[in-house]
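*Asks:* Quick paste from Swiss-Prot:
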{"type": "BINDING", "residues": "Arg50, Gly266, Asp267, Thr299", "note": "substrate binding site"}
{"type": "BINDING", "residues": "Asn52, Ser54, Asp85, Thr86", "note": "K(+) binding site"}
{"type": "BINDING", "residues": "Asn52, Phe53, Ser54, His55, Arg92, Lys178", "note": "ATP binding site"}
{"type": "BINDING", "residues": "Glu243, Asp267", "note": "Mg(2+) binding site"}
{"type": "SITE", "residues": "Lys241", "note": "site 'Transition state stabilizer'"}
Amino acid sequence: MESRLARLTTLQVTAGDNLRRTSIIGTIGPKTNNPEVLVALRKAGLNIVRMNFSHGSYEYHQSVIENARKSEELYPGRPLAIALDTKGPEIRTGTTTGEVDYPIPPNHEMIFSTDEKYAKACDDKVMFVDYANITKVISKGKIIYVDDGVLSFEVLEVVDGKTLKVKSLNAGKICSHKGVNLPGTDVDLPALSEKDKADLRFGVKNGVHMVFASFIRTAQDVLTIREVLGEDGKDIKIVVKIENQQGVNNFDEILKVTDAVMVARGDLGIEIPAPEVLAVQKKLIAKSNLAGKPVICATQMLESMTYNPRPTRAEVSDVGNAILDGADCVMLSGETAKGNYPINAVTTMADTALIAEQAIAYQPLYDDLRNLTPKPTSTTETVAASAVAAVYEQKAKAIIVLSTSGTTPRLVSKYRPDCPIILVTRNPRAARFSHLSRGVFPFVYEADSVADWTEDVELRLKFGIEKAIEMGVMKKGDTYVSIQGFKAGEGHSNTLQVSNA
């Protein structure tokens, strides 16, 4: 069996003609919100469209959804998934008097107040903060960050129920409507603001496939979101964004109830010391891998490509190392939303992923995942893991999975086969959200069901084989592994077969 070190000594240094297994998420903004550009992004490697609900009107987001669907008409290809990223509960400062900025020096003492009379009258003496309980949760000596850490303050005194006395730790400007972070302080904000609830209802109505849920702190936050999505949104996948210390502390419980995870390093790097984000990223990805929950790595991955046609070497290493850590997906934000080189950014990410994936020693990784997964596993997971074992023993070229719900291909992906996973499904939603799982290539089988179950299975397998051959994954005579159910419906994928194309 090839070790990781042995693998690295024979690593190809070019992308070659391999199939990329890591999915790419791109935020859609003014530079990319039209069908033709979306087609170009998809051809470059985009799998999931992200809408950032911190910005834009419903009319704008509606246009993104419509343009994404038009791009599929122009370029059928594989299904495109659409994600709604919530704004999330947040703390912000008020409006400055006259809407002007007020400079402050280091060691400047001032007041933070929750009194509404200062909401539109902030200056260098008093700053309004819209979190009523801030005086209850914070204590003397704690740090407060404003404007993503551009300004730092130390709490000198909790004066009363509405007032904090603080001291600036650096020079800066007091500006309107800036975000506030309370690192090391547990806050009791609700899981969803009223805006978030309305946004989720918009997502349900318009058929989004997944929700990226911001600032998740507890497992109950996830259950609250599921409740708001309701019966009509029961098939929407929830991807929790871990971006504060509470989320990190409660991650094990959160992981049990979420569908997938995003390591959102932007706010996380404000809430905890930046060097610690490295360890947190690796830990959360590893735990997600073991749980078989897809995991996304996000924020500033190719930030310089917002304005430059080429990335920094550090950015390329960041993308590659996230994939080596075990990320199923990597994400672009401003690079595709407002950047000057959105297609270049996706192409760069795709090329980097291809090379990074070649550095993975897949069989030792499979052994680790199998050995560390608690037993007994479900029947579906046992079959999924056995399919991957069969791939290594038979040197199979592909795993073809016939699935209704999309659960089986996700569990096959967990065990990281060194070949593509071809998903054949009649469920378009399952095809779309399967992009969250590394190595899954979804195809929607549109032919009507055949009354004879065995014949129907054979027809779908034939379809999967044809797609694998079209992709160049295998040729006639090659060995493949297949998983299918013994009868119709969800939850019956327990039949494994090794065959030749």
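From the backbone N, Cα and C atoms, a Cβ is placed for every residue, glycine too.
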*Asks:* Restricting to the record's ATP-binding residues (Asn52, Phe53, Ser54, His55, Arg92, Lys178), give me the longest CA-CA distance in Å as a whole number.
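*Replies:* With Asn52, Phe53, Ser54, His55, Arg92, Lys178 as the binding residues for ATP, the largest Cα distance is 18 Å.
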*Asks:* Report, in whole Å, the straight Cα-to-Cα distance of Thr299 (substrate binding site) from Phe53 (ATP binding site).
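*Replies:* Cα to Cα, Phe53 (ATP binding site) and Thr299 (substrate binding site) are separated by 16 Å.
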*Asks:* If you draw a 10 Å sphere on the Cβ of Ser54 (K(+) binding site), how many other Cβ atoms land inside?
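*Replies:* 11, counting other Cβ atoms within 10 Å of Ser54 (K(+) binding site).
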*Asks:* What's the CA to CA span in angstrom from Asp267 (substrate binding site) over to Glu243 (Mg(2+) binding site)?
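*Replies:* Cα of Asp267 (substrate binding site) to Cα of Glu243 (Mg(2+) binding site) measures 5 Å after rounding.
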*Asks:* Just checking a number: largest C-alpha distance across Arg50, Gly266, Asp267, Thr299 for the substrate site, rounded to a whole Å.
*Replies:* 18
*Asks:* As a test of the contact definition, list every same-chain residue at least 6 positions from Thr299 (substrate binding site) whose Cβ is closer than 8 Å to its Cβ.
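*Replies:* Looking at Cβ-Cβ distances below 8 Å from Thr299 (substrate binding site), excluding near sequence neighbours, one finds Ala264, Arg265, Gly266, Gly269, Met331, Ser333.
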